[in-house]
Amino acid sequence: LYYFPTSFSSQKVLLALYEKDVKFKPKLVSLFHGQHMEPWYVKLNPSGDHVPVFIHDQNVLCNPEKIVDYVDEHFDDGPCLVPSQTSSLGQKVAAVRGQLDNIPVDVITYGIIFHPHLSDVGCRIPFAVQRSMRENFARRLRYLTHKATRHPNLRDGYLAKSQTAAQKYDVITDEEKVKGQLEQLEIILEEMEGMLQSLHESETYTNPDIWLFGPQFTAADITFSVLLNRLVLLGLESRYFPNYKCPYIDRYYQQLHRRSTYRLIQKEVANMRLTLV
């Protein structure tokens with residue numbers, strides 16, 4: 001697994017691997033140092049995405065959702081993360097998962113970094129890292145174009161990455177567009193609160209931990225868990241799921257901290273800080 005611990009997409013894949021108890025060889029790709037733009041990595045992942053890349057039995061996968069599907073299909077240990085869509089549960093999981101996976105988390109993250117006053121309590125990413133992220137994003141377009149010229153055999157991959165970066169930059173530097181994305185996210189979180197409330201009020205489940213579809217932790221829960229973690233990092237939890245407004249999401253987030261696989265993600269991030277130092 002080629003990944004970076006703080007990457008949203010990487011965290012989704014890591015959580016799936018931990019849930020399925022899959023042993024894997026970790027290969028760190030530092031987004032802070034631009035390793036995702038080096039030729040050796042672009043050969044692995046020529047698309048506009050950064051990380052992760054998962055390799056198994058000569059299969060190379062770059063899309064995080066497809067990696068989660070693959071891991072669930074090919075490894076039997078752990079819970080079933082992606083129920084069959086021939087079942088009612090599978091259809092519900094697919095619908096919610098698709099809705100959550102379409103949230104432009106990169107735009108929201110960088111939107112807060114470029115417009116920090118949009119965070120209710122202040123972004124919790126260290127200030128020096130925020131500054132580095134702003135500067136690196138601005139330089140990325142020039143660097144990718146330069147790399148496309150230097151490596152004509154990888155030109156299409158570099159231009160794809162450049163186009164993706166340019167589209168995101170246009171949005172994240174426009175405060176009104178960022179506000180629009182934040183407002184759309186508010187609607188989605190209200191829907192998640194309603195789902196969880198219905199589950200709790202049904203009194204169908206005796207398990208103290210109730211996830212999006214009951215006691216079973218699914219691929220939709222993976223995305224939702226990582227999303228909540230990112231919102232807290234950006235200082236947005238008081239806007240999206242304060243206890244007085246969204247008690248069921250708040251309860252979900254509290255029980256998430258008791259889940260051993262989620263704690264492994266936190267350990268990955270802590271270890272990464274030491275690695276960077």
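Cβ coordinates come from backbone N, Cα and C, glycine included.
Per TrEMBL, the features are as follows:
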- 1-79: domain 'GST N-terminal' (DOMAIN)
- 175-202: coiled coil (COILED)
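Note on the domain 'GST N-terminal' (1-79): mean pLDDT across this stretch is 92. Residue counts of the domain 'GST N-terminal' (1-79) by helix, strand and coil are 32 helix, 11 strand, 36 coil (DSSP-based).
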